[in-house]
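Asker: Got a structure for you, written out below as structure tokens; questions coming shortly.
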């Protein structure tokens, strides 16, 4: 088989990306402590999967920075892990496409037999436009789309996520024995930097502080069963979702509780245990051991079968686990400023990327920590320096909150990071940017265009999978108001012509 220089580069770099997915049983430690330990070591000469040479090739293919790069090898590894999730009577893996909805990624997961978890009617249509069959799509949405009945008739599986959604579903399919899923808030959740299972957290979607799903007591008190009976619906699926923390004890507890809801309807054939599986983006961070959390759940399914005579199929819907460490944001250091002086003890050296919250919002929104690697602007490994410096990394937006190195869980507090000494024009790689980055950003703020995306194949070849947005595309849907509205005979149209 032909081995290109790029394939050698990606194989060498892949060792670190594969380690990122490997289960670890190290005890929890604070992010600050983990970074204090990692700062003592010399920064890596490559990112998770990008060497200077491969990063430069990505830049060339995308015609500049910023850009998102995805490793097909890393996507394959994470897909393998999820498809091997322990189960008793069959498994359906659904990719939470909100994590990264690029069509090429959807098509790859479809080729692996992975179905789709959609969070809006628009995501459903987008997935179908990419060739995903309707019957392989499940919809759990905070906003039931107006065309949900049409989607159901096409084969999309809908989970009712509130009492009113179930009522609307029943009204659309009254007395037709239509199958439906029911999403239940089990009363607890897990996620974010908070250890609370019932309090509010931006990545916790279970418990009394979460608006997601039908409160579990409305199921056990007869409210939901009465609606199901009133419209002659058939509950075929129970769905729960606790968030992105994936605490093994909480996950297993919720799984057993969810099975009790399955026992309420003898028509239920599958249980969807939603919830993201945490991945370690940074050195020392723990990645969820799917075998550890899955094996007891498989046993619980077997116990349910022995008691109720029904073998339920397990559904999971990972997003972060599948794509987080398979993606990186590739940027250029476009400026470097300092506020240090003899008269100021609080000064810093700031590195300014040509990207920011327009591309990766997680640090500004959650205080999320992403590893950052400085590579030489020449794109040559031989030019990698050995000196380091403590810096604060910020984005390009005219916004004080555009901070790429916050304190863990504190988006309004900056923290210095020890990186290889950078010069203007050097490359900065932000790893762990495959999930909830390109698909969840403040794109077009300050009229910055949406960044392109590239895919690195198994041989190290780089392929453009989304073009860079043009300036005109940002405002092409804007319309002029009728003449005279501004009280002036002359106004400038969107085309820049006096009217």
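Backbone N, Cα and C define each Cβ position, glycine as well.
Annotation source TrEMBL lists signal peptide at 1-20. Among the features that TrEMBL reports, domain 'Orn/DAP/Arg decarboxylase 2 N-terminal' is placed at 87-324. Summarising the annotation, TrEMBL assigns N6-(pyridoxal phosphate)lysine to 98. Annotation source TrEMBL lists active site, proton donor at 398.
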Asker: Relative to the Cβ position of residue 98 (N6-(pyridoxal phosphate)lysine), how many further Cβ atoms are located within 10 Å?
Answerer: 16
Asker: I'm checking region-level scores; what's the whole-number mean pLDDT for the domain 'Orn/DAP/Arg decarboxylase 2 N-terminal' (87-324)?
Answerer: 90
Asker: Can you name the residues of this chain that are 6 or more positions from residue 398 (active site, proton donor) yet have a C-beta less than 8 Å from its C-beta?
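Answerer: Sequence-distant Cβ neighbours: 446.
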